[in-house]
Every structure is written in structure tokens, then in C-alpha cells.
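What TrEMBL says about this protein:
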- A:24-41: transmembrane segment (TRANSMEM)
- A:53-70: transmembrane segment (TRANSMEM)
- A:90-116: transmembrane segment (TRANSMEM)
- A:128-147: transmembrane segment (TRANSMEM)
- A:149-439: domain 'NADH:quinone oxidoreductase/Mrp antiporter transmembrane' (DOMAIN)
- A:153-171: transmembrane segment (TRANSMEM)
- A:225-250: transmembrane segment (TRANSMEM)
- A:259-278: transmembrane segment (TRANSMEM)
- A:290-313: transmembrane segment (TRANSMEM)
- A:320-342: transmembrane segment (TRANSMEM)
- A:348-368: transmembrane segment (TRANSMEM)
- A:425-444: transmembrane segment (TRANSMEM)
- A:480-502: transmembrane segment (TRANSMEM)
Amino acid sequence: MAVSEHTADVSHAMITTPVATADWLVVSPIIITILGGVICLMMRKQTKIQPRIAIATLGLLMLSNFGLLARVMDKGVITMVMGQWLPPYGIAFTVDATGAMLALIASIVAFATALYGVGDSDAASRRYGFYPFLMLLMTGVSGTFLTGDIFNLYVWFEVLLISSFGLLILGSDKAQLDGAVKYGILNLIATTLFLIATGYLYGLVGTLNMADIPRSVAALPNHAPITTVAMLYLLAFAMKAAAFPVNFWLPASYHTPRIAVAGVFAGLLTKVGIYALMRTMVMLLPVHHALLAHVLAVVAVATMISGALGAMAQSDLRRALGYLVISSIGSMLAGIAVSTALSLTGTILYAIHSIIVMTGLYFVTGMAGRMSGTFALRELGGLYGKSPLLALAFIILAMSFSGLPPTSGFWAKVLLVDASLKSDWPWLAGSILVAGFLTTIALARIGLYAFWRGGPEGTPDGTAFAYAENADMTAPDVTAAYTGMWLALGLLVGLSLFIGLAPDGLVAIAKTGAAGLVDPSGYIGSVFGGTGGHP
Amino acid sequence: MEAGFAVLIGFIFAASIYLMLSRQLIRILLGISILGNAVNLLIFTAGRLEREVPPVIPDSSLVPVGATANPLPQALILTAIVISFSFFAFLLVLAFRTYQELGTDDANEMRVAEPKGEARPPMGY
Amino acid sequence: MNTVIFRTIAPFLTALMILFSIFVLLRGHNEPGGGFIGGLIAASALAIYGIACGVRPVRRAIHFHPMSLSAFGLLISCLSGLPSLLTHVAFLKAHWIYPEIFGVDLALSTVMVFDIGVYFVVLGSITSIALALEEREND
């Protein structure tokens, strides 16, 4: 019989210290979402029970992520290595403040989406897997934020990509198939580029652990090959994040799925790309980031301006929102281009704000479309008369997106502009402000046309447009459907206002996260032991 | 040995990019499939090619005896093959459905989601 | 493809291939093989049955929806990592037991449970894709 591990000394290959039960918070987001997702998938016929399971699972996920964030803020970076193998051999899950914070916000948005989906998803789309795929999408998103291994990051990217395919084609109508083909092919090429870069990186440094890579890269005699790797990562993640020259998949696909799906996509998927950019460009390859900083800055400016202009040129609300997603990505890229602790704080804060607000804006649009039966700006109107509460939610979210106080967007933009000015990038700061102005125009026009004016085009101005009274508006199951939507919307709007009014706690967390990205000694210490496990 | 493989990988990349630049969906898919294989070969080469024994630890020992081939790239490639295979299968079904529904596999003519000649948004209030 | 020979032989072929896939799955721990390749073999068995006799008999034969099989596999793979919680080690750490059944030393492990999960995931997802493609050809 083979040498059994019971008799052998395995301390050269395995961690022998016991793992604290609280450290399981690191992997619990993965376990919770997989279990919830597969249970829903196995009960695909029980379309009435699925939402309950999903809401319970995602609520649990929120609690777990909250616990994880509290523990990370308390104890510093936490690491758990799958199967007890000693790093860098085993796949490590390493969670710092950035990852934990983004995972928490992502789970809140997913929870809101599950609530919204109660009304937005019909029995057919539930049978085709709206809730299971939503939870498996969260598996991928959580894994991306929590993993400490760059190849494992690739795997989580693919997990969230395959779930997003499932969500994107729920209805299988023509526009969805058309959008899904473009989304699928371009995203698959982006992840393949990511894999190419990872292959090169492995060939050069011989390690894939994200705590090990900065040390190994610093020890390399020749930095030229790594610059290629950095450029490939930049291209791959810019594609995922929908940065300017490689963003055309986003406006081609994001308006085709159900609003609940589009909302969670707009909130989460592009930010995953931003997160990966921060990890690779700032933490793993800082030297090469300096070389590419100007490229990043130009891309950032082009992204935010082109996104804002694109939003102004659209007559369909959902497509305008797609371009607004792109515009917000530009601001986050600006923070990564400057890459000081302050600017990264701004980027993290902006990512958090954008996750909340973009999803919220899609939800508002979905409800507006539901109330008036169209998404075309020309045909919308009079929504203020129909539902003042919805108009209020839209105003708050629009102000937040444009960066006006007292909302979450204000602080994120203040930090970004401040950081750009301090690092002597005045034109970057100016572009952020100009883009903010342009998005204000785009959003204000939506507000004026859809909400403020009396009725759609053709109705005499000033007269309240008499909507054909929707018979189903008062039916009990429809009221229940709207309850879920209002709850989801209320959660997101409230969160944006809360961050705007009391930003201190969040800014402190974002600062810790940014400091950890700029100086990864705490991250490295957590994986390999030694000093720096605590911030 | 590595140099030869590098050239080969370059050719495979070139072929896949040529195919992906096409307008026909099926060619793009073939290009993606070839791209996946090129990346696998690249990772394999990045792990260094050496004529060594397989990384199997004999019964009597806890560590490999002598030099062995690098097992990590093989694990990475296995993962990447599984993923690219399942994606290719999925995209194939998707492309087939799209072809049936839209009646074309020309990327330029797939304009249901973004129709040509849309009305402009209202210009003023 | 609907020749008499093929239709006659397909059920036997399918049964043999599924048996072989289980063999490959179980030998996978110490020899070449494992859950992934076993699942692929089983999925091709079902695909052959589908080509010979049509998709409907396959769906009847496996009783559960392929995606449910896939989900079941993911479930037990995920659960196989959980015993580690009780023994204070990291997620997915392998646990072994060596019960003696009929005088044979049997090595059972959480790794094997994980592999069986992989088998079901691959079987379910590939079967659902294969059946979807075969269904389109028929109509």
C-alpha cells in the first residue's frame, strides 16, 4: 500500500495549522451561491418556490459577505488555501478590503435583483433558469473578487460568463439571440486574451499566486517581456470592462435581455473587469503600469466622453443606459491611470457607487417601460403624473450618476478629481467634469421627456395624457410583482443616499483597500505568513 | 524545441485571427476554436518542454525521484480545454439558433438588436 | 442514420458505454481516467442513443432533465468539500476512510465524491447540448 498521509510528515507540502471556522467566510459566498443555484436548478418546474429560495440564498450571501468584510477590517487580509496545500502550490483565496467590499455590494445588488425579478420574471423565464443562473452568476462574481490566484480568476471569469449567457438568452427572441452572439463571441475572445497573458506570465515568472507574482516580477532581470503581458492584460480587461475602442459588444447586447438581467449585468459585469484591472495593473505589475499610465488615461477620457455622447444620441432608454455604463467605466479607468492611493480610493468608491446606481437606473427604466408599454423616448411621457415616487427615485439616481450631492456619486467624483489634480493630470480631471456635465444633459433629457412632460409626442403640452387604464395594474398578483420591484428600487436608492450622506465608513474601507493595492505587503504576508498579516 | 513551438503557435494564432476577421459566423467560431487550441499549446510551451519522466511519485516515496516533467501546465491546459470546449459547444448551439431565427450568418446583416436608420432622439423640448 | 443495424445495436452500445464510463470514473483515482472523461463517455453514449432512436426516448430513459443531472453533480461536488468544516481544515481538503468490506480494503474519499459530481456535471451539460442539437435536426 502507498505511504499514507496518516503516517508521513506532510508539513513540507501542506499547511498543518488548523483553520479557524470564521475563516470559512472566505469561501462561504461560493458555497452558498452554488448550493442555492443548484437547488433552484433541480426544482426548475416549481417556479413559485424558486424566488423564495433565491431571496433566502442571496440574503444569506449578503450576511456572509458582511461578516467577511467585518473580519477583514478587523484582522487584515485573510487567506484560505484550498485543500490545505502550501502556497504557492495550492489555489489560494485571499480577501482584502477591496475584494470584500465589492463582494458585499455585489451581493446587495444581486439581492435587489432577486426581489425585482419576482415581478419581472414570468414562469417561462424561471423555468429556463433566471434564478439559478442569477445565483451561479454570483458564484462567478464572488469568486472573482475573492480569489488570490490568477488562473483561478480566469476560471471565475468563465463561470460568470457562462451564467451570463444563460441569463442573456432567457426569452430566446430574435434581438436577444443577435445580442448574445456578439456579447458571447467578444467576451470569449477577451477571456482568451486573459488566458494568453496568464500563460506568458507563467512562462516568465513560474507562479500564478497573486501574492507570489509581485515578488517574482520584481526579481526578474529583464522587464521587457512582462510589458507585453501587462499590455495583454490591459486589452483583455478593458474589453471586459467595455473601455472605449473595445466596447461595442455592450451597447449591442445590454438592451436585449429582461430588465432585471440587464440591471445586474450593468451593475456587476463591467466592474469585474475594473476590479481585475486594479489587481493586475496596480498590484501585480506596478512598474509596467507606469509605462502604460498614459495609454490608460487616454482610454479613460475616450471612454467617458464617447459613452456620454452615445447616451445623448439614443432614443431608446435602455440603449442610452448602456452608453451611460460605458461613461462610468471611463471615470473608474481614470482613477486606475493615476494610480495613487487617493485615486484608487476614488475608483473603488466609484465602482461601489456605480454598481448600485446603474442597477437602480435600469430598474427605474424597467418600471417606466412597464407603466407605459414602451422604452422609446419619443413615446414616453407623463410618468410623473402616473407615479411621482418613480420620478423621485429617478431624480435621485440621476443626480447620483451625474455626481451631484447629496448622493454617492458626488464623493466618488470628488475623490477622483482631487486625485487627478494632485497628481498633476489636470486634463483628466477636466474630462471627468465634462463627462459628468454631458451625462447630466443626457439624464436630464430623459427626465424631462419621460417624466416631466404631460404626455408622449403628439399630446398637447400641459394636458395630462390620459393613459389607457391598465386593467392589470390593480390585479393582486401584479401588485405583488410591483411590491418586489419597489423594494428593490428602494434598497438601491436608499443605499445611494446613505453613502452620499454618511460616506466616512465607506471611504475608510476604500482607503484600506486602495492602500493594500498600492502596497501589497499585507496581502503577501497573509498568504506566506511572516509580517504584515495585519494592516 | 521551444523556438519551433513558438513559430508553430504563431502560425496557429495567425490562422485563427484570419478566420475571426471573417463576417461569417461559422468561420468566426472555427477561429475561436483554433484560438483556444493555440492558447493551450502556448501554456504548454510556457511550462518548458523537456523530455522527462511523467510526474508520478512511486509508492515508496513521498517526493518525486529525480527530475520530472512540469505537471502544472497540464493541469492548466486540462482546465482550459474543458472551458473552451464547453464554450464552443454553447456558442455552436447559439449560432445555429441564431441562423435559424435570423436567417443569416453574416455578422453585418445581423442587425435586429441595433436596426439601421433609427429615429433620432427628440432634439429639444 | 436510421438504419436497422444501427437502431438494433445502439441500445447495447449505449449500455456498454455507460458501464465503461463508470469503470473509467472509478479507476480515475490512481489510473488515467476520472469524472470528466467518464462523463464525456456517458454523454456520447446518450448522444448515440439519441441519433439512433430519436431524442424523445433518451429524455424518457434518463428521466431527469439533463440540467438537473448537472445541478445534482455540482451539488455533491460542493458538498464533498464541506466535511473539512468539521475537522478545522481548509475547504476541499481530502478526507479518506478505509473500511473493510468482505475482506477487501476499500479506499473511499471525498475526492471520489467530488469526481462523481464532476461526472454528473459533464454528463448533464454535454447531454443537454447534444440533445438540443439533435432535436433541431429532426424538425
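Just so it is clear, glycine is given a Cβ too, placed from its N, Cα and C backbone atoms.
Using the rule of three or more Cβ pairs under 8 Å, pairs at least 6 apart in sequence, the transmembrane segment (A:320-342) is not in contact with the transmembrane segment (A:24-41).
Segment contact is absent for the transmembrane segment (A:90-116) and the transmembrane segment (A:153-171), given fewer than three CB pairs below 8 angstroms at sequence separation of 6 or more. As a quick check, the transmembrane segment (A:425-444) and the transmembrane segment (A:290-313) clear the bar of 3 or more Cβ pairs under 8 A, pairs 6 or more apart, so the two touch.
By the Cβ criterion (under 8 Å, sequence separation of 6 or more), the transmembrane segment (A:348-368) is not in contact with the transmembrane segment (A:290-313), since fewer than 3 such pairs are found.
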